[in-house]
Each structure stands twice: as structure tokens, then as C-alpha cells.
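Structure record follows, encoded as C-alpha cells.
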Amino acid sequence: MTTEDTLTIAGRSYQSRLLVGTGKYQDFAQTRAALDASGTQIVTVAIRRTNIGQNPDEPSLLDFVPPSQFTLLPNTAGCYSADDAVRTLRLARELLDGHDLVKLEVLGDPQNLFPNMPETLKATRTLVDEGFKVMVYCTDDPIQCRMLEDLGSVAVMPLASLIGSGMGILNPWNLRLIIDQSSVPVLVDAGVGTASDAAIAMELGCDGVLMNTAIAGARDPILMASAMRKAVEGGREAYLAGRVPRKLYSAAPSSPTEGLIAAVK
């Protein structure tokens, strides 16, 4: 894979196609170690759950994950309405000195964390109008993804399966439809459980993968972060290389049948 094969979001290019969340680790030190092992350049931050300056008397994530070294992606985890999500991202922009690249998620159910698409579309429209560059967590419905792109999203992020489920890629066909129709990056968000899931997403043609639980919830988060880095890189290279067609039988022997050495009598 060449240095020219980069992930470009909102006009900025990145070498890594793996985006990593900062929640659920033992502490901020383990968070930083996992990020380093993953090779990520974009890290998501749940504004409602993580201190990035709101509470000056508490440890701040920014002391371990400084904006000078990573692109921070504030997200609206825990928001269940468009209004709540918009307020949260306005706060993030204020705390991060005008930072405008954000990840929107508006949830519809506290048990399965499935996205509420009507509220997501409403919030997207407002945020784009206010100058935010919005990456959107969404269903794997190609029509909804097209609507998000039409509203001005800089990336669509369909779930592979439910957040935190580790169930992997449940509907590769829908992902492929979304990839084929989209002119903005398509990143799998949610459901990745292990390295092979990340590789499959990349082999399908996704532009990147975002994960948190798959790394933070592993028995060895640092080792899993390293595994995910390799899986994303390997899956991307396999996609670019082009797999052989699936066939029940080979159309021809894999070894030549002419010019063979004659049997010794």
C-alpha cells in the first residue's frame, strides 16, 4: 500500500483508516497506550462522558491525547434527540476552540442503541447549516445514507451490527450498496468484535472502520489494538489487490499441463 492511498475526510488526509474510541479503558494511560498500538490518527470522544475541560478539577483526556498529536472527533454518545445532540456538539466546539469535525449519533433505544434516523437527519441538517463537518452514525439503509450525503455529511458510518455487540458484519450486501452509491467516505461504525471483522469490512471496500469496545473490552486491549491495525491494513490491501472470483470448480489447473518432464521409464 502506497503513501498515496490515504483516507480523506473533509479535505484532510490520514494514513490510518482505523478510528478508535476513548471510552471503557481502565484509565487514560491505557487509553493512550491502545491508541499508540492501533496507529490511529482520529480518536472519538464522548463529550457527555469524558472530561476534556468541562471539569477543571478532574483529569482531562487532553493531557493524554493532545489535539496536537491526534484529530479529535467529538461525538454525541448518549443523546436521544436532535436538540440534545446539537447542544452537545456546540459545547464541544466551544471547548475545542472552534473544532468543527464531529461525529453525530442520535440513539433511539437505550437497550440496543440503534440510531433514531428521523432525529439523526434533523440534527444533521442543523449542524451542517451551522458549519459543522458531520460524520454520521446511521443504519445500513442505503436510502438513509443517500439522504445524509445529500444533506451535506462528510462521511456516513453505517453500523455493522449493534454497538458493543461484537457480532461482526451482519449485512455485507447493504454495506456494498452504500459503498457503490456514495461519493463521501463510508466507515463501518459499531459491531466489530475481532480482527477478522475489521478485515472483512475493508475487503468489502469500506474506507475505514471505527471501534471502541472491540479493543477496550478485549482481554489485552493493547495487543488487540495492534491486531486491529494489521487487520485494517491487510483488508485494505486485499481490496486494492482484488480477490479471485469465487467458483465451485477451477476452470483450469493451477499448474501448467504442457512442457512437463516425461516420466522416467
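In case you wondered, yes, glycine gets a Cβ from its N, Cα and C as well.
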Of the candidates Gly131, Gly152, Gly164, Gly242, which does Swiss-Prot annotate as part of the 1-deoxy-D-xylulose 5-phosphate site that also includes Ala190, Gly191, Asn212, Thr213? Gly164
Between Asn212 (1-deoxy-D-xylulose 5-phosphate binding site) and Lys103 (active site, schiff-base intermediate with DXP), what is the CA-CA distance rounded to a whole number of Å? 14
Other residues with Cβ within 8 Å of the Cβ centroid of Gly164, Ala190, Gly191, Asn212, Thr213 at the 1-deoxy-D-xylulose 5-phosphate site? Leu162, Ile163, Ser165, Gly166, Val192, Met211, Ala214
Across all chains shown, how many C-beta atoms besides its own are within 10 angstroms of the C-beta of Asn212 (1-deoxy-D-xylulose 5-phosphate binding site)? 25
